[in-house]
């Protein structure tokens with residue numbers, strides 16, 4: 001990968017041997033290894049048995065999970081917040097595992113639509129809840145820095161499974177909570 005970065009630098013008219021760029025290929029390689037580490041992550045190891053029997057029936061919501069990813073079309077970042085909820089089915093998951101699941105899928109080349117669904121279906125698979133809801137709000141640098149150059153644009157995506165899809169009251173409660181944060 002380092003040689004590829006050197007070639008990119010040359011192709012845009014830069015001198016990869018100048019002082020400020022000498023370590024750039026190594027830094028870019030390290031950055032991309034981190035930013036794509038989701039390909040090498042295993043959800044089972046992430047969850048690591050942190051699923052607990054619990055008779056609770058109320059909605060569990062982790063709101064404002066900071067996330068960033070790379071647009072698969074331009075390799076430019078998009079970033080924002082994910083809101084993830086589930087309705088337990090006699091089991092709950094350790095709350096830190098939800099942001100970790102978000103990171104697994106965000107640290108891949110992505111489109112936001114697929115990212116949203118992958119998070120929802122992963123939680124559905126490991127927890128088998130009555131329902132899962134995921135909403136992501138993000139800014140895409142590929143729209144802000146190039147192309148249409150709309151700096152204030154935001155993309156919202158959602159995936160509703162089970163009770164969140166079938167029951168409008170449940171869906172409305174979730175949407176109200178992510179809008180206002182009130183209980």
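First residue shown is number 1, and so on along the chain.
Glycine is no exception: its Cβ is also placed from the backbone N, Cα and C atoms.
Features as listed in Swiss-Prot:
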BINDING   71, 74, 142  Zn(2+) binding site
Worksheet entry | Under 8 Å by Cβ from residue 71 (Zn(2+) binding site), counting only residues of that chain that are 6 or more apart | 77, 78, 109, 110, 111, 140, 141, 142
Practice prompt. Ten-angstrom check, please: count other Cβ atoms within 10 Å of the Cβ of residue 74 (Zn(2+) binding site), all chains counted.
Written response: 15
Response to the item:
According to DSSP, residue 71 (Zn(2+) binding site) sits in strand
Discussion item. Quick check: with 71, 74, 142 left out, which same-chain residues have Cβ atoms within 8 Å of the centroid of the Zn(2+) site Cβ atoms?
Written reply: 70, 72, 73, 75, 76, 78, 140, 141, 143, 146
Item to complete: Starting from the Cβ of residue 142 (Zn(2+) binding site), draw a 10 Å sphere and report how many other Cβ atoms land inside it.
Response: 17
